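Enquirer: Please read through the structure below; I'll follow up with questions.
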Amino acid sequence: MINLSLYQTNSLSYTIIWMLFVIPSCVLSVDERQKHCSPTFRCGKQTDLYYPFWSPDREECGHPVFKVNCSGDFAEFTISTVKFHVLEMNYESRIIRLVRTEYLNNLCPWHPENRSINQEVLPFLQDTELGTFYYNCSGPTVDELANGYIRQLGCDEEVGGKSYFVSSPSHPGNRAILDGLSASCERNVDIPVSRSAMETTATNQSLEAIKKVLDVGFELGFNSDCSLCVASKGACGFNQSSKAFVCYCKDEPHEHTCGKMGIGIGLGCGFLGATLITVCLLCFFFQKRRTSHHLRPRDNNLKGLVQLKQYSYAEVRKITKLFSHTLGKGGFGTVYGGNLCDGRKVAVKILKDFKSNGEDFINEVASMSQTSHVNIVSLLGFCYEGSKRAIVYEFLENGSLDQFLSEKKSLNLDVSTLYRIALGVARGLDYLHHGCKTRIVHFDIKPQNILLDDTFCPKVSDFGLAKLCEKRESILSLLDARGTIGYIAPEVFSGMYGRVSHKSDVYSYGMLVLEMIGAKNKEIEETAASNSSSAYFPDWIYKNLENGEDTWKFGDEISREDKEVAKKMTLVGLWCIQPSPLNRPPMNRIVEMMEGSLDVLEVPPKPSIHYSAEPLPQLSSFSEENSIYTEVFIGSTS
């Protein structure tokens, strides 16, 4: 009698042995440049560098402009005669942080030149903006700008004479003043700076504060071609003949990504492919009954995640010291504090009840893996083992915003800090809606999901309810209402208000802003005082605006500037919570409103309670394109 099990085992063994001999001759004819450029290299104290940077022995592996000098602690490259230090290379988040060498702790270098960075290779991130230095100016002294920041530098006569540093030089409101200033100055130099670092000068306008802004450096993104090339197992390089990016692959160079092997290799390996398919089918058939942990169809979505660390569950237990330090609990799981082996503090979210639905995990990892922004929490890795699911992201020292909006701690944050937090959240949402290749709609914006670092820089977190859609699209189809009561847009509940879209996040943001300044919380007091449960929430906000009572929880003791900021936040919040999505501004417009002057902000139209089954009318021109947006599903809804 034939032992079928033994026969199958021996057959599989023979097949594997045969493949070990066939594969090397069939598919491992690797292009030497792919082998040469795949490893990273060290420069000074910095490790793991690759494209666009290159050292003398790796010329074909980088862009010609970015040859680095490794004689010091930091990698340094030169554009024309201008040198830049590479402060940080973060390939996980795809961020490069640079600083102009001659401006390190020096505002008045000798005859600086105006040189720009090729943004086709290293594009500016959303947090990067241009500042301008004006040197040897002969015109009248300029002390202030209505729509920006200007500071006289005090350079020596032989170096720079009467000189200035200006932020937001491209703002239309500054054009007349700066055109005159530029004409009277001998030299103008544009310097990229960090927008979030520049915000610190609002409270500290000293020259030392400007130096610190420059020393922090500015952030650039990676060339998207290189990211796609690496994801396809290629190595990034530069074609000297065509003067263009090239992806070195195992078979031959390609323009963007590694595609299929050549026809000859494909024909030679066709039989091997058929054999592999047969073996896989046999293994699947015999293993199906013997395992209880099957991969769900939606799990395959994680195969598209690249350059992310995948941790085992044992590693997660070690990182969190057996889950000994609980940071918080939510509807999707528990968050624990921990430390990576390099000492970095992290937060680890363990998703609960994964067996019932894995879409929350897929949503969060797929959404966060596509983001890289100062106001979006950084994803560092994930665990995907059996039924265990965990997400590892950066640790934020000040926790979530909601604890600072409670009665006990509300006075700890002044108007200026709350404004910076609200502006940062707006920029983060603007990035999700308009800055990513695939638009991300969060659907759960609330104080508990806004994390704060040690400088109270806000970061949007918790993407468990997020949806992805193509940028050209706007309308999402939802099979279930999602979000938190009090922050959910009305169209999520009822189609009479309009279609669900990224404008649903705008509504949640408006409720968040009103809560931050105390306007939302006062609803309870007003309703209780009037003994009416039918009063429409914004009614009393409009009444207070008409009566000039717009300081909310801050009282009358705050300064005139802070009162204007509180009123601006109120108006922006009211625009955001308009019942019809068509009447809400998009997030990029909200950022402009928050950054702009209060004088140009109009009081939004006062909505009325609308019970008709007809859609609400459009009251403003804030609506974006009318093309229908189809949802890009990242997980099965079954």
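Positions of Cβ are set from backbone N, Cα and C atoms, glycine also.
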Enquirer: Could you let me know which of Asn136, Asn398 shows up in Swiss-Prot as N-linked glycosylation site?
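Expert: Record lookup, Swiss-Prot, feature N-linked glycosylation site, residue Asn136.
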Enquirer: Would you count the other CB atoms within 10 A of the CB of Asn239 (N-linked glycosylation site), including those on all shown protein chains?
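Expert: Looking across every protein chain shown, the total is 13.
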Enquirer: Tell me, roughly as an integer, the mean pLDDT over the topological domain 'Extracellular' (30-264).
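Expert: Mean model confidence (pLDDT) across the topological domain 'Extracellular' (30-264) is 83.
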Enquirer: Going along the chain, which residues six or more apart from Asn114 (N-linked glycosylation site) have their CB under 8 A from its CB?
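Expert: Set apart from Asn114 (N-linked glycosylation site) by at least 6 residues yet with Cβ under 8 Å, we have Arg187, Asn188, Val189, Asp190.
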Enquirer: Count the other Cβ atoms sitting within 10 Å of the Cβ of Lys329 (ATP binding site), across every protein chain shown.
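Expert: Lys329 (ATP binding site) is surrounded by 10 other Cβ atoms within 10 Å.
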Enquirer: Pop the Cα-Cα gap between Lys329 (ATP binding site) and Asp444 (active site, proton acceptor) into the table, whole Å please.
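Expert: So the alpha carbons of Asp444 (active site, proton acceptor) and Lys329 (ATP binding site) sit roughly 16 Å from each other.
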Enquirer: If I take the alpha carbons of Asn239 (N-linked glycosylation site) and Val335 (ATP binding site), what is the distance between them in whole Å?
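Expert: Here the two Cα atoms are 47 Å apart.
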Enquirer: What does the structure give for the C-alpha distance between Leu327 (ATP binding site) and Asn204 (N-linked glycosylation site)? Integer Å is fine.
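Expert: Here the two Cα atoms are 33 Å apart.
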Enquirer: Please give me the CB contact count at 10 A for Val335 (ATP binding site), counting all chains in the structure.
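Expert: Other Cβ atoms found within 10 Å: 22.
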